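As structure tokens, the structure follows; a few thoughts come after it.
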Amino acid sequence: MMGGEYQQETFRVIQAMSTENVSKITTGDQQYYALMDNGNVYAFGHNEYGQCGTEENSFIQVPTKIKTLKNITHITSGGWFLCAIDDEGRLFCCGINSHNQLCTEKISISHIPIQLNKDMNVSFAQVSSGFCHTFAITNDRQVYSWGDNTYKQLGLGHSNEVSRLQHVELLKNERILQMAGGGRHSLALTYDGRVFSFGDNAGGQCASKGKEAVQIPTLISSLSNHTIIQISAGWNHSLFLTDKGTVYSCGTNDWGQLGREVQNGCKMDYQPARVMGELYYINVASIATGPCSMHSFAISNTGCVYAFGCNDKGQCGFDDREERKVPTLVEKLSGYKVETAVSANRRSLVLSSTDTAYEQKVRRILFQSKQFYDIVFNFHEISRS
């Protein structure tokens, strides 16, 4: 990971072996998670609200298995909470409950993952969190939402906080591929490549003219000439990846998180526009920002990482703390084939793989912060082909 109070700018790797294989990584505000191929989940980092699910509230210094989570297929993390789905479609959450992130009004925090859909005849396949709100997608691609709804970011057409899973009726006629929750706004991607936005739009992050909140899921018509294959939502900006490997962005740009210039020197742009610079010459395979983030990543189809935006704690991975207003190659990662990047509040993680002479694929999680100044670990796996 990059970033943290020590302001160490570059990735550092110290190897620690594991017999389990990393499938997915995610991060919240200052807590981190790794989902393994066998369905186990490891957590580490801040745990004052029980967000690491380890039945205690002390800081988790090393990756620790969440014993009560088994056969997990999907994970996500918001500000200070974790959500997970198992192979039976059951939905579990733990951590803070300040805005009904745990779908109950009876507790303020939970150190143990609790099942949210226990009394519902519905199972889930995917889950995606914003800062204090969450979406879950069923097997038939229907969307449910809950949590903070101050800016109508739940897509329900009202601003009431929601303490139970609510079906997003306004998206029921759409086949949803992916949801992305930002700080206080949300994005929905359909299977045919269209994007809907709703919630806070003060910085233009919903791609809507004006600063008023977008009250219901609204099609981003300015992207209608493109087929979008991935969406990512930051604290107050949005990223869109097309099937051509090009990236578009909109929202606040005070740190350069849009990766491009905005006309007339403005600090925001509601109109999605293409991110150029070095990305013009490459095919982008994935994009990443996060609900706590003011920086962004683009990963090429060859595993190279380009970063842009806020870098005041070194979260972009460069040998300085200067913001990057255009996509810039993270040369410190040039020896790794990066598969995934996730960004948190002034921190970042990447998951990489490297083929070795022994036909092993080494999957590394690289990270960095004050507490993890010299603790970085590897997960090795025998060839997954």
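Yeah, the Cβs are placed from backbone N, Cα and C, and that goes for glycine too.
Source: prediction; values computed, not measured.
According to TrEMBL, the feature domain 'RCC1-like' maps to 17-290. The repeat 'RCC1' annotation in TrEMBL covers 39-88, 89-140, 141-192, 193-244, 245-300, 303-354.
With helix defined as DSSP H, G or I and strand as E or B, the repeat 'RCC1' (141-192) counts 3 helix, 23 strand, 26 coil. Note on the repeat 'RCC1' (89-140): DSSP counts are 0 helix, 25 strand, 27 coil.
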